[in-house]
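Sequence annotations record features per position, and here TrEMBL assigns domain 'SAM-dependent MTase RsmB/NOP-type' to 82-384. Per TrEMBL, S-adenosyl-L-methionine binding site is recorded for C184, A185, A186, P187, G188, G189, K190, D207, D238, D256. The active site, nucleophile annotation in TrEMBL covers C311.
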Amino acid sequence: RHRHKEKWAATAPRIPSTRLALHHFDTSYSLQLGALWPSVRAGLLCEHKYGALLNNFAAADHVPQELELLNATDFVSEALQRAQQWQHGVAAGEAARGCQEGSGEGRTVMQGGMMTQAEMSPPLCASIISKIKCYTFPRGDITRFRPARPDALGLLDYYLMDAASLLPVLALNVQLDDFVLDLCAAPGGKTLALLQTGFCGHLAANDISISRTKRLYQILHSYVPREVRETVSVTSYDGRDWEQVKGGTFHKVLVDVPCTTDRHSAMEEDNNIFHKRRTKERQMLPMLQLQLLMAGILAAKPGGEVVYSTCSLSPLQNECVVERALEIAEAQFNINIHVEDLSHFRTLFQDTFLFFSDCRLGELVLPHLTANFGPMYFCKLRRM
């Protein structure tokens, strides 16, 4: 009668959030990635590589030479040069086809090479022609970049970030005087990259978190001169309600949603979404992501483009969210959405990143010990 039940909540050891995350990843990603998962897992658990996004607003002409002396290269311009070389090859193929007209032989020119003729369409080069410059060290080189330094006016010379985070910005393909919305902008790396294009007529940078928005303000003040900052409006709306604020007004929309942040979840206890107290929040992530993507689609003009991105490997947060958004857009809003083909990114950036070849929609960068960027999923949509 005097027995009492042991207080398990007080006495049982707490399982670290990182261990819970890894257990979840082992269960789900081993099925999704198969034989690739052990190497991806090792990459997640090791220090990831950074890229140095050059700040075009700073007086730092010496920085490219300094980085090149360290054997770093601008992966964006390298990809552009490769694209131009392949397009010259296609032009030569077209000339050869003229000589073979009627024989049917010219159709397979370039198909045995790196890219097919269909992939060598004019938008290929246009998709990466921008002022964005980002230096990375070669595969297997784990050299670290020095901290950023200010110029005479106090603007820092480069911004260190996961280089894969630039791919959604490059996919968005901002054109001159575009009105651009970054719906979930903080902490600000992709916002800064959008400004580096020099093409934004106006940039709306929004994030629901006021504390994270403060970090966004800090980045803008550290990297961007006042006259350019005046073209940026920073807000703290709930992104799900954006259509009620300014619907159908933007040429380009970036929807970089909150996610399980797989690398952080596997490595850091602080602010880990796999903490048991955040279970419900984690389970509701796909719904939140879907709502944000729908808000982004509704914020775009007809003919406008939306890029959806996460830093998760999870299909439930990636392709499944996009597929559901396509269904809702048509069924509830009578909006037809076209999914843009980004497969040329795989070829253009294959020397820098490891891509997963089996995405149903969009592209996925996998962490890997020799190219330890990502994870980064991105998918481009056009509102018809």
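Cβ atoms are placed via backbone N, Cα and C, with glycine included.
Keep in mind that TrEMBL annotations are predicted by a computer and have not been checked by a curator.
Structure coloured by features recorded in TrEMBL.
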residue	record	contacts (Cβ under 8 Å, 6+ apart)
C184	S-adenosyl-L-methionine binding site	N206, D207, I208, G239, V255, D256, V257, P258, L292
A186	S-adenosyl-L-methionine binding site	D207, S209, R212, T213, R215, L216
G188	S-adenosyl-L-methionine binding site	A205, R215, L216, Q218, I219, L220
K190	S-adenosyl-L-methionine binding site	S165, L166, P168, V169, D182, L254, D256
D238	S-adenosyl-L-methionine binding site	I208
C311	active site, nucleophile	D162, S165, C259, T261, D262, R263, G374, P375, M376, Y377
